[in-house]
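Colleague: OK, TrEMBL features for this one:
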type     : residues                   : note
ACT_SITE : B:474                      : active site, proton donor
BINDING  : B:334, B:335, B:574, B:575 : substrate binding site
DOMAIN   : B:9-240                    : domain 'Glycoside hydrolase family 65 N-terminal'
DOMAIN   : B:299-661                  : domain 'Glycoside hydrolase family 65 central catalytic'
DOMAIN   : B:674-728                  : domain 'Glycoside hydrolase family 65 C-terminal'
């Protein structure tokens, strides 16, 4: 394995504070911490999140992932000057996140407003092995004579979610003149959080403590000779009991903190780093490309895919912004099943199983939501948190015409996620053959979701139609017979029918209903030119010139010129539903159809959704359009890694990181599953020379290496796969030439 | 009247952000706004408060004055550079608060990090005539070529009280592309707040609106030629209904805002300024002094005395920090009756009446608190908000020995405030002769407070003692027979007895109890050296060297070295109870006793209470120790106006501003009331040449002018007063020589 890349911030620029706080965030699936600077800036938003710890701040508010009391902040005073990179002079600056170790380091040379030079170095990480552990180390060296250094840091509970406070202070303590501990309870009295930290400084430093205005701080002060170094090593432990208060947690948390603090930064870092190294071996995608950033984008994506996934807790799933920001309030969308689950399914299938169990455990809420709408089965919430209830906020932005805030319609009609979850259940079963899962969780999920669709139809002159739905394209609301929704619903019901028959469940009224549904559901067919209508009315709507809006894709700038209602009445796509459909059910459409729909819909698509470009890229790759595919893939990488200063302020685009992996593996390596067969149809872009990655399939650990000419596959057990549609059996390692058709083993 | 002084901040220094935000705060008794800069700094705490609008953020929290959504903040971007005085270069800086008009103006010349020069000028005020009105005007001029100016401002509800959020967002609206309105409700669903603002910019500016993350903003952008000026005039209206939700308030608030915005900054400023001018004529204290700052201190004090006093609402009283900060959570202490009420009593007696009615309206809570303790009558809460219930927080700072936070004992045993309120009732009656008040509110307050003391005693071998109390000196807790408490309790019961007899109420069991109490209550007498014991055990405690702690008076630094329990067992005073007693009941003690007690207690006093030095000064003045009195008075002025950067971070020391007036009027002018007679015994410090002020007494409007040689008194109606103990009658203007004894009219 080549050495992993890093992410470097070479310049201090307040416009980019929140972007880098997101991109360089640390996390282990349980705990996520934004990469804000130790010193405060008004332009930076701090953030620390514990997976599953949600709370609603009051009536009319939305349940959100709690932004926890801050552990990162440090008030640093150097000879009386408040340390801030806005003042004085920056002599050098570099911040670097190591994807290999997960360590973030910053080194700054600074001339204070009084003209004295200092070097400040900080390092930090969230442990990959200990779920609540965060360590931070600060070193300060004066270069122009003696200096008095003051640092105040601890636990700062003035932190809010954009002004919404979720936690009441329960107890603040300082144990043994060393260990700060703060206990909080959510205002609804349901969840407890305990934060503890120890800040080790040299024995020469004077230390005192304060507890005021929700800040529990250690104040350390030391006078240094020129060249002497002040160091502060902060070891912090965060624990939470999201489902019930726990008054006994404090003692255990203190014991754990004491143990960690005794081990110290270096030992804890080594332990965490070793665990990460092992994981990278199971997951890393290596690429040789003309473009240096491609490997970085893949490393970045996988780093975040690991950081965002709550492997420790099946009652949590992956939030749309992971654990990196307040965006989308920490809610779980269909993004998880469609964009994120495949990565886990093929690198650590148990994680994929857990993500599906999250939905299964929340079936009760989904049944309630269906019943509220007058339907049967399970209608999962459009936005989900811990309770499984619908969490979509009521209002979005202000309507520029009326001055009123606009209602969010997704929770009412964006029902495709029901079928998306079923799609993921099937994908899991095909990839793992986990019959035990399918017999319990899988079957129940497929049946309950199918039951929803059976009840959701309307009989129109003998055919069943799906009315008043919203597809993934949220710029087209409340339409009938949306192609994406209908095809996926059909797939969902077919899956339920299929699994029952395979499990030998006798036919009954439900089976009969499924047969009827599958026979009579209206699936919009292609026109003569191959283009499938997105819905019943789409073709009849006018088009406008989208050049300007496409140039600022992702910004939703079209909504500054048109109201949502106006956008709805034009051929303007946030993302293209039919392209998404081609991606999801590739075996239903031939390449000519795919190409025709790409050509029709892409120019009408603004790509204002971060889910859009990457999927276009994969469909393009499958059509053999390698340049176009690569362009889209790169654009997908730029959603977070591009130059736009504020695109990631609220957190990482979790689905987009998943799509970076999907693009490489499903797009360029051309991996797909058809009728339970694993197909590999490589389509490397001209810029790439080599693509290599591990891949789990039905209990086998495969490894694939793809060049323009050859494909090398190794497997730890016998496995059959289809390379460019030719069946090959592998046990050990085999290399195939890709120049021939059908493919042949290279010599 | 000489022209009023101003307060100037000549230098930008982040260490002083919160001090000046407090000192220069604007207010009209209803609305108070901290003088934070338009641009954000991490070191500055914004604050806007509406008198009477309290809320408790959750279980275990303390009721506090809500820090409202911010109206001051502006994100300013100049040619892409975020405007901050920490970056770029400050070419000139000046901020000035006019005490006459209440207008705060800042003018800054700034060189941006890109090297371009700009002038930024801002002006603002809170209206003296319209309770919810705040106006702010910003002007920006580029000097080095064209520039694009972006300003985002509006209503920012991310503001919290140090992380505690009290308000849920109810509705955000933009009316007529001009008027932003945001409605909030406290989380307990009891109170509503509506904020509205209009931000007028030139027609050349582009304007848009956003509502995200609790910020409702107008974004204005304009490209200026060199020398051209961008102006933004923000007119804001704040209204609150503290006692019940009010869904109809929004329309009225919008109408009021529209009316104000139509009038515009200049007209509204002129109107407010005219009202202030009138008020200054009724209240101003003029001084000719060797020390320039003395007049400024007096103007400063009176400016804040007006800003902090909720004249519009008798359900509110004056908070310990006025409306200038979160300190003491906006609670009302005995400070109001003892330190603040006298100023109002002698400049606007109706305000003093209202402050007493606040207590009377809260008698129910005081009765409940007494009953909870097993007593009778009324025990007012040590800290009071709107409900009249006890609001003292449970915990204070962390104990350095145990790591535990220390309980606040004041609510349990600091009972003297009961007698302090009675003392103020009597002062009001004497100064106004308001028999109607005395027949209802006054009598009930005096009887109910007396009833408390009757039940509070313990019979010790035939004498009545007051055990387990805390006097004003909070460094000595849970003592028996505290001199201050016992003498004041005696005064309280005597007042109740006296008013009943004067009102002709027949004697009954209560009267008999009063007689018994007055006869048998133990009042600690002076030792042979004249020193009165602060309590039963004080003289037996050891002393330590307090030099270091006295040098940093006000910082409570002694508590960094000793626990409260240890301080309690030494002769260490936060403020001297016996000196306070001498101040309160001067007619009970002769000058020799006063001097003996000053000499004994002062060296044992750290003056860690802001209430301490000023009172020592007044007692010293009454003893004829003019130098000492002046030294203490100046030290009292420096509590807020001195150089200490953080002394006023949490808000103004309201009582200290009252004490600046008290020092001049009761100390140096020597005004006191003995047996309902008004005495004037001037004791001008050598540094002062002339002291002049208006004074209300029994419906007469007096004006006094004092020099070292003479006293000129004018009165609009016939009045008798005692100058250096000589009775004189005045109707019109008379001048007396102070060189003679008894005083004689000057010729």
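A Cβ is built for glycine as well, from the same backbone N, Cα and C atoms used for every other residue.
Annotations in TrEMBL come from automatic prediction, not curation.
Since this is a predicted model, take the numbers as computed values, not measurements.
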Colleague: Between any two of B:334, B:335, B:574, B:575, the residues recorded as binding substrate, what is the biggest Cα to Cα distance in Å?
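Modeller: Largest Cα to Cα distance for the substrate-binding set is 16 Å.
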Colleague: How far is it from residue B:574 (substrate binding site) to residue B:474 (active site, proton donor), counting Cα to Cα, in Å?
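Modeller: So the Cα of residue B:474 (active site, proton donor) lies 6 Å away from that of residue B:574 (substrate binding site).
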Colleague: Quick one: pull the CA-CA distance for residue B:335 (substrate binding site) versus residue B:474 (active site, proton donor), whole Å only.
Modeller: 14
Colleague: Taking all residues of the domain 'Glycoside hydrolase family 65 C-terminal' (B:674-728) together, what is their mean pLDDT?
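Modeller: In the predicted model, the domain 'Glycoside hydrolase family 65 C-terminal' (B:674-728) has a mean pLDDT of 96.
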Colleague: Determine, for the substrate site, the additional residues of the same chain whose CB lies within 8 Å of the mean position of the CB atoms of B:334, B:335, B:574, B:575; present them in sequence order.
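Modeller: Residues close to the substrate site, other than B:334, B:335, B:574, B:575: B:333, B:472, B:474, B:580, B:609, B:610, B:611, B:612, B:655.
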Colleague: By DSSP, what is the split of the domain 'Glycoside hydrolase family 65 C-terminal' (B:674-728) into helix, strand and coil residues?
Modeller: 0 helix, 40 strand, 15 coil
Colleague: Who sits close to residue B:334 (substrate binding site): which same-chain residues at least 6 apart have their Cβ under 8 Å from its Cβ?
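Modeller: Listed in sequence order: B:416, B:417, B:420, B:421.
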Colleague: Let me know the DSSP-derived helix, strand or coil state of residue B:335 (substrate binding site), please.
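Modeller: Helix, per DSSP.
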Colleague: Including all protein chains shown, what's the count of other C-beta atoms within 10 A of the C-beta of residue B:574 (substrate binding site)?
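Modeller: Result for residue B:574 (substrate binding site): 22 neighbouring Cβ atoms inside 10 Å.
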Colleague: B:335, B:474: which of these recorded positions has the highest Cβ count within 10 Å of its own Cβ?
Modeller: B:335
Colleague: Give me the Cα-Cα distance between residue B:575 (substrate binding site) and residue B:474 (active site, proton donor), rounded to a whole Å.
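Modeller: With the alpha carbons as reference points, the distance is 8 Å.
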Colleague: Which secondary structure state does DSSP assign to residue B:474 (active site, proton donor), in the simple three-class scheme?
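Modeller: Note: residue B:474 (active site, proton donor) is coil by DSSP, not helix or strand.
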Colleague: Mind giving me a neighbour count for residue B:575 (substrate binding site)? Other Cβ atoms within 10 Å of its Cβ, every protein chain shown.
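Modeller: For residue B:575 (substrate binding site), the count of other Cβ atoms within 10 Å is 23.
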